[in-house]
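Chemist: Shown below is the structure under consideration.
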Amino acid sequence: MSVEKNTRSIEAGIETDFRDKMSYGGYLALDELLSAQHPVSAPEHHDELLFIIQHQTSELWLKLVLHELRMVRSSLQRDDLRMAMKGVARIKHIQRSLTEQWSVLATLTPTEYAQFRGDLGSSSGFQSYQYRAVEFLLGNKNAGMIKVFAADPVAQELLGGLLAETSIYDEFIRLLARRGFAVPVDLLSRDVSQAHVFSPGLVQVYREVYEDTGAHWDLYEACEELVDLEDNFQLWRFRHMKTVMRTIGMKTGTGGSSGVGFLQRALELTFFPELLAVRTEIGAAQ
Ligand code: HEM
Ligand SMILES: N[C@@H](CC(=O)c1ccccc1NC=O)C(=O)O
């Protein structure tokens, strides 16, 4: 270490020859990753790289969210609530990071975006199959959403598969039934390819959990974790809608929707409605 030169010396043990050894770039396939940004504006607009990287990093995180959600689902199937909650905890951190990331894109002004928006053609986040897969795994099934992937067999297969499978909410509800709670039977034999719809009987199950937390501590904790997950998902949707509003105003979307109005309607969707409804009941007379 040469303090005067403000330079750190490279230690003798530091690896420098990677002809026959695994390296950082090799392990992480950085050549592929860092050559996957292809701006379409010509001449290239300075801000298009921001736009591409914001989406690519979001898709990478969504890939991990999907990976963790599958683990959460299989843990619930095995009655391993602790493992499931470990997965949920990780997902919650990813969601925070994804939501925080909107501030980077918000530095893209409407003037700058308008200069390359036309080059995006009809491509849109509406066509993100990983985002749709997350919605499906959380229980917001919608077969109609698969239509836009007619030209993408990989996406179609993934989403078609998830549509027919249980969501993490279906699995949580089944776990509650195995624990002896009076879960309405129609919920246990429902067509899982449809979106979960509000069940008043399930609210009563949660009421039992929330009114005797000591007896049902792990379930009580799990319920609150699921509420956090939904809350975080809605915060992402809200920041998306607000960023869209400040960037394109009330223009229609490149994907063909009305734009902001369409995104606002997504804020009315809910994954775990009974977990929210139970709050109204707590402490109320029987
Ligand atoms: C300036 C930036 C952005 C604008 C102006 C914008 C605009 C829009 C609009 C107008 C829609 C409605 C569909 C349409 O007609 O196109 C939409 C949908 C969507 N966008 Fe973006 N978006 C932006 C950035 C992002 C980013 C960074 C992501 C991250 C992956 C994203 C993901 C999505 C998703 C998943 C949908 C579907 C939402 C749903 O079905 O409720 N968007 N976006
Ligand atoms: N729908 C956006 C375009 C857009 O944001 C976008 C375009 C291509 C790939 C991802 C996108 N992000 C989110 O919709 C718009 O109407 O400006």
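Each Cβ is built from the backbone N, Cα and C atoms, and glycine gets one as well.
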Chemist: According to TrEMBL, Phe51, Ile52, Ile53, Gln54, His55, Tyr113, Arg117 bind substrate; which of Thr213, Thr252, Thr254 is also listed for that site?
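Modeler: Site partner of Phe51, Ile52, Ile53, Gln54, His55, Tyr113, Arg117 for substrate, according to TrEMBL: Thr254.
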Chemist: Which chain-mates of Gln54 (substrate binding site) that are at least 6 residues away have a CB under 8 A from its CB, listed by sequence?
Modeler: Gln101, Val104, Leu105
Chemist: Write down the Cα-Cα distance for His55 (substrate binding site) and His240 (heme binding site), rounded and given in Å.
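Modeler: Each residue's Cα considered, His240 (heme binding site) and His55 (substrate binding site) end up 12 Å apart.
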Chemist: Which chain-mates of Phe51 (substrate binding site) that are at least 6 residues away have a CB under 8 A from its CB, listed by sequence?
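Modeler: When sequence neighbours closer than 6 are ignored, Phe51 (substrate binding site) has Leu105, Leu108, Tyr113, Phe116 within Cβ distance under 8 Å.
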Chemist: Would you please pick out, from the binding-site residues His55, Arg117, His240, the one with the fewest other Cβ atoms within 10 Å of its Cβ?
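Modeler: Candidates: the binding-site residues His55, Arg117, His240. Fewest Cβ atoms within 10 Å: His55.
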